[in-house]
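J.: Sharing a structure here in structure tokens format.
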Amino acid sequence: MDHFLYRDGHLHAEDVPLSRIAAEVGTPVYVYSAATLTRHFGLFRQALDWTDHLVCFAVKSNSNLAVLKLMGDLGAGMDVVSGGEYARARAAGVPGDRIVFSGVGKTVPEMRMAIEGGIRQFNVESEPEMRALSAVAAGMGATVPIAVRVNPDVDAKTHEKIATGKSDNKFGIPISRAVEVYAEAAALPGLQVMGIDVHIGSQLTDLDPFRAAYAKVADLTTALRAEGHRITRLDLGGGLGIPYRRDNNAPPLPIEYGEVIREAVGHLGCEIEIEPGRNIVGNAGVLLSEVIYVKNGQDRDFLIVDAAMNDLLRPAMYGAHHDIVPLVEPAVGAGVHAYDVVGPVCESGDTFQKGAELPEMAAGGLVAFRSAGAYGAVMASEYNSRPLVPEVLVRGDHFAVIRPRPTYEEMLGRDSVPEWL
Ligand code: LLP
């Protein structure tokens, strides 16, 4: 459930009519609901309340400082994958001992930064990375907690670009070689082996792949303990999907996911970490956009809106579906019109939806792209020199701009022309 509902004929975020935000901030603009974020985070906590746990918000899904601060203040940890994300988590007030560092390509400066600033654990993804981290930590006179990310070779049954747990993906070390890798890790200076990490993909709508992966992690825990390793922590990744369409095919709920975790690894007595991103923030955000033109093509009608693929890349990149709804609630029984909803960018791929059923729209009409809180603003670019889309956070009956729209001067000011030109 989210807090974007029609009230008195107008789509609201909590108690704020979205048309007010569009009027005051302009469009396109991302709008997030603090109540929805809080609610979704609470559902994961509740799902794991049977054990010691830390819900580490996947910063890659939405890294706005205000969103991170909200999550951090609720007690969330953070899953970061770059020095920039680490800096954001710290700037949002999250202590290092609640930050886990994932990713296949951590650089030495990134390792140093996290060791200096404090880190809960590095999720190590390869032997070369493990050796580099050992050298960096030992060189700094530090001992850093690690989990090794294993690749369980499980099909997550999701879009191929966001599946990460098959043996042909670049992530983790093959689980079949885990025992030898842990033996090396235990012998390296500067590393303290704490646990096992796994993440098999994103937007999973079926619990079976989680079950399969976590069963393998449970077996590995037993095997590693038999080898003398102290495995006290399991990081089970993120990936639980969200409903992108308002139909009856909603993915499983966090509480059911928590049950899968309990059944698979609950008996091991480990502290559990999870790294949800999309499930917390996806349906806590919408992208507002205004219709620039309604264009009648030969066989189809185009709704040309002021948001484009550079603002919300998912449809162009993954063929992803985002429900598009008008800000003014259609009257009961009002007719619908099929539009191809497109942006102004000069590519045919800049199409959000073909044949979207909307009420009759006119220039100046406002729409919301739903489920846009995760992997929306963070994947935006300035392609076609369109300034980065601004972000707004709503709480109750008030809102704040949490990232302003850059002016053209600001956008241009980042370039410099050498004096010899
Ligand atoms: N942990 C790790 C190590 C990850 O790689 C990811 C996502 C997550 C946690 C969070 O997964 P979530 O709970 O959000 O599914 N840009 C794509 C999604 C990429 C996900 C990458 N990794 C999209 O727009 O669908």
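Cβ atoms here come from the backbone N, Cα and C positions, even for glycine.
According to TrEMBL, the protein carries these features:
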type	residues	note
DOMAIN	30-373	domain 'Orn/DAP/Arg decarboxylase 2 C-terminal'
DOMAIN	36-281	domain 'Orn/DAP/Arg decarboxylase 2 N-terminal'
MOD_RES	K60	N6-(pyridoxal phosphate)lysine
BINDING	G239, E275, P276, G277, R278, Y375	pyridoxal 5'-phosphate binding site
BINDING	R278, R314, Y318, E347, Y375	substrate binding site
J.: Closest to R278 (pyridoxal 5'-phosphate binding site): which of the recorded positions K60, R314, Y318, E347, going by Cα position?
T.: K60
J.: Determine, to the nearest whole angstrom, how far the Cα atom of P276 (pyridoxal 5'-phosphate binding site) is from the Cα atom of R314 (substrate binding site).
T.: 18
J.: Listed binding-site residues: G239, E275, G277, R314, E347. Which have a CB under 6 angstroms from an atom of ligand 1?
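T.: Going through G239, E275, G277, R314, E347 in sequence order, those close to ligand 1 turn out to be G239, E275, G277, R314.
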J.: Please give the maximum pairwise Cα distance, in Å and rounded to a whole number, for the substrate-binding set R278, R314, Y318, E347, Y375.
T.: 27
J.: Around the Cβ of G239 (pyridoxal 5'-phosphate binding site), how many other Cβ atoms lie within 10 Å? Please give the count over every shown protein chain.
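T.: Here the count is 29.
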J.: Would you identify which of the binding-site residues Y318, Y375 has the most other C-beta atoms lying within 10 angstroms of its C-beta?
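T.: Answer by Cβ density within 10 Å: Y375.
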J.: Taking Cα atoms as reference points, which of the binding-site residues G239, E275, Y375 is nearest to R314 (substrate binding site)?
T.: Y375
J.: Which of E275, E347 has the fewest nearby Cβ atoms, counting only those within 10 Å, among these binding-site residues?
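T.: Result for the binding-site residues E275, E347: minimum number of other Cβ atoms within 10 Å at E347.
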J.: Between 0 and 100, where does the mean pLDDT of the domain 'Orn/DAP/Arg decarboxylase 2 C-terminal' (30-373) sit?
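T.: It averages 96.
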J.: Using other CB atoms within 10 angstroms as the count, which residue among the binding-site residues P276, G277 scores least?
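T.: Taking P276, G277 as the binding-site residues, the minimal 10 Å Cβ count falls on G277.
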J.: Below 8 Å Cβ to Cβ and six or more residues apart, same chain only. Which residues does that give for the residue listed as 'N6-(pyridoxal phosphate)lysine'?
T.: D79, V81, E85, G277, Y375, V378
